[in-house]
Amino acid sequence: QQQGGVGQVAPEYQFSMEESLGELSELAGTAGMEVVGSTYQKMRIQNVRTLVGSGKVQEIKAAMKAADCCTVIFDEELSPRQQKNLEQEFGGEKANIKVLDRTALILDIFAQHARTKEGKLQVDLALSEYRLPRLTRMWTHLERQSGAGGVGLRGPGETQIETDRRLLRERVLNLNKQIKDVQRHRALHRRRREKLGLPVVALVGYTNSGKSTVLNGLTRAGVLAENMLFATLDPTTRKVRLPGSKIHPEVLLTDTVGFIQKLPTNLVAAFRATLEEVEEADVIIHVVDISNPASDKQQAAVLQLLGELGLEDVPRVTLWNKVDLCEDPEEVQYRAAFTHRLCVAASAKTGLGMQDFVRTLEDGLSLLLRPITARLPHDRGDLVNRCHQLGACEKLEYDEQGILMTALVPPELYMRLQPFSVNADGSEQKRDEEKTDEIDWVALGKGRHSSRQ
């Protein structure tokens, strides 16, 4: 195991310095490091050369020597030059001193946890884009004109650094192409899933909030569920049966990569294919570790990212998870009930309150349905069957004129039933005076995915 110290410059962030440093320590532990110390410095203006002041650099250097530490992690994003200068300050001529920033640490964790081809491609892309501006530091000793190495790879007059940059840019282009192929493959899978006519529910939340435990508890999918940050990197989709549900007895439930504060933009872009699973969801389950002292700030970080993805209007059910770890679980459950009608406190691990959660999820799914009364021809039993499969039939009567049905149905089925719609008492509507109802797709949470329009 490596040993490391963590350092941070603290501008006005949503998380306090202590909370952010604590999270950085957890990230380091997930990456397999042992944290031996931490420090921070308040500065009005960051040092362009070393991020922190010269006095703080010497303080960290002394602490590293005393603890026999070989790695320093900064909670801020370091420029390539700052990283190089800090390694020189801390290590001198030694080559075994590592200076990492938050981005590099998260990338290292992602690389360890990627399991599928898609996940590995996304990590590889993010790593390549991160390394590209840092090649100067990595290859300074090779800055010379063509010599013995690299025969057949270098262009005329290319230096080693130029060759490496060109090869890395080509790698980025190739990885982007492969990821687009993955996106097309995922789109094909989504189209196949849509033919099932089942609502898609996405689990989102701050990293280590217990999303995979929720998925495992509902589906027994066997997804990796461990008490560490970013245990899940690759999205997993399973069919879930909701016992006792008359409206949606089955849904498709997807687990996704955990969110985290100060997630670098290039990481969000690299994992766009994964986040598309969230964008295609009909309902979002926001899983919160309510036992965490910073749970309110973690919630805010997730909601901010959902807003950046344009998903703030998707129907959302909030699960305050890990309520069993709270001092007074009943008080937390009572508080959740009065926070929002689609908020519930439970424990996916112990099962406490999970029945209430399933009922709350059903309430969230009901937001997708529209009421309609229709008189169908006798030979359109297929539409009646679809109403039973995708919605809820409240009334069904057979007479000489056809089948009179009152039901709650999803938007796509609602449009198919419109030509047969009648008044609530079964009388015919005046078609020539009727105006087509405008469906508020945003309120329904449908405006984001054209595949369902």
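Please read every residue number as a count from 1 along the shown chain.
Glycine is no exception: its Cβ is also placed from the backbone N, Cα and C atoms.
Straight from TrEMBL, the features:
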DOMAIN    199-369  domain 'Hflx-type G'
BINDING   205-212, 230-234, 255-258, 321-324, 347-349  GTP binding site
BINDING   SER212, THR232  Mg(2+) binding site
REGION    424-453  region 'Disordered'
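Secondary structure at GLY205 (GTP binding site), taken from DSSP and collapsed to helix, strand or coil, is strand.
Here the Cα atom of SER212 (Mg(2+) binding site) is found 10 Å from that of VAL257 (GTP binding site). Within the model, the domain 'Hflx-type G' (199-369) carries an average pLDDT of 82. Residue density at LYS211 (GTP binding site): 31 other Cβ atoms are found within 10 A of its Cβ, drawing on all protein chains shown. In the three-state DSSP assignment, the secondary structure recorded for SER212 (Mg(2+) binding site) is helix. Cβ neighbours within 10 Å of SER212 (Mg(2+) binding site), excluding its own Cβ and spanning all shown chains: 24.
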